[in-house]
Ligand SMILES: N[C@@H](CCC(=O)N[C@@H](CS)C(=O)NCC(=O)O)C(=O)O
């Protein structure tokens, strides 16, 4: 685990001591947008048109942020237009690697590189910062369009509609205000909350994260008692953004990140909702417990020094969800 400093790889973890034991996530650096007509999006430069085969997605099946992008590639029928490379689940001293000795890994399908950092260095030989997945790569301009999953899913939601004919909209105009409110609470206390609890190196930092996490899960349980989805009766990006964290919760975050007040199966509405999303067409194949259990328990030796991988809970995600 490390980062690039002026183009050079340094094997160093997040400096939690600088923040009283708290894990502080770095912001993504590449924030350009593919748009329907190639004009600039909400941030970054223009010139990224939605051409078939032009873009390539680098992911880990372990990572909840990369998982969002994989889900939107499925939901929006982008499989034939945007290729994918899948890294190895172990993220060790060299960062994400393209080793292929684990089922489902693909190697780097574009450049046959050894490490994900090589892709960041292709975009900028003097790059500094963390080398994260997902990465949306532009084969034409040979650069990174975006390494921010929240942006990538919105591009996938709308920019390629003319190419695919798929007009499904997971960010409908009339729900945007509500989606933003739900997203921001869930991002801070749940999606990132599990990491803040798990990577805390002081009791105070852990306590500060785990309380709001379970308050939010209780709040979500209430929302899902009244409505089928988080923002009402329409399935939106807010649901999918939460889903990737929930999918990993009982198997990983409950144990490895000490988020153990309750499990997802203890929340009847949330558990039914989670199964409905899992059973949505083409989604189950993006959910890879083999990758995420291996990644977390094996890579984070500061959390789990003996790297023992637990057998995992016996939960049936294919059981009828009973919603709707
Ligand atoms: N804000 C980014 C976060 C991505 C992220 O942190 N990915 C993790 C994997 S789950 C990663 O690659 N971490 C490597 C590191 O921090 O060095 C997004 O949502 O796309």
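Cβ from N, Cα, C; glycine included.
From a predicted model like this one, the values you see are computed outputs, not experimental measurements.
Marked as active site, nucleophile by TrEMBL: 63. Annotation note: residue 63 (active site, nucleophile) sits in a coil segment as assigned by DSSP. Under 8 Å, Cβ to Cβ, and six or more positions away along its own chain, residue 63 (active site, nucleophile) finds 133, 134, 295.
Residues annotated as glutathione binding site in TrEMBL: 96, 130, 131, 132, 133, 148, 149.
Residues or ranges marked as domain 'GST C-terminal' by TrEMBL: 172-299.
Residues or ranges marked as active site, proton donor/acceptor by TrEMBL: 195. In this structure, residue 195 (active site, proton donor/acceptor) is part of a helix by DSSP. Counting only same-chain residues at least 6 apart in sequence, those with a Cβ under 8 Å from the Cβ of residue 195 (active site, proton donor/acceptor) are 23, 25, 257.
The site 'Lowers pKa of active site Cys' annotation in TrEMBL covers 253 (among others). Every protein chain shown contributes to the tally, and the Cβ of residue 253 (site 'Lowers pKa of active site Cys') ends up with 26 other Cβ atoms within 10 Å. For the recorded site, residue 253 (site 'Lowers pKa of active site Cys'), the DSSP three-state label reads helix.
The feature site 'Lowers pKa of active site Cys' is assigned by TrEMBL to 296 (among others). Residue 296 (site 'Lowers pKa of active site Cys') carries a helical DSSP state (H, G or I).
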Checklist entry - Per residue, counting other C-beta atoms within 10 angstroms of the C-beta, which of the binding-site residues 132, 149 reaches the highest number? => result 149
Checklist entry - To the nearest whole angstrom, what is the C-alpha distance linking residue 130 (glutathione binding site) and residue 296 (site 'Lowers pKa of active site Cys')? => result 18
Item to check | Cβ under 6 Å from ligand 1: qualifying recorded positions of 195, 253, 296 | outcome: none
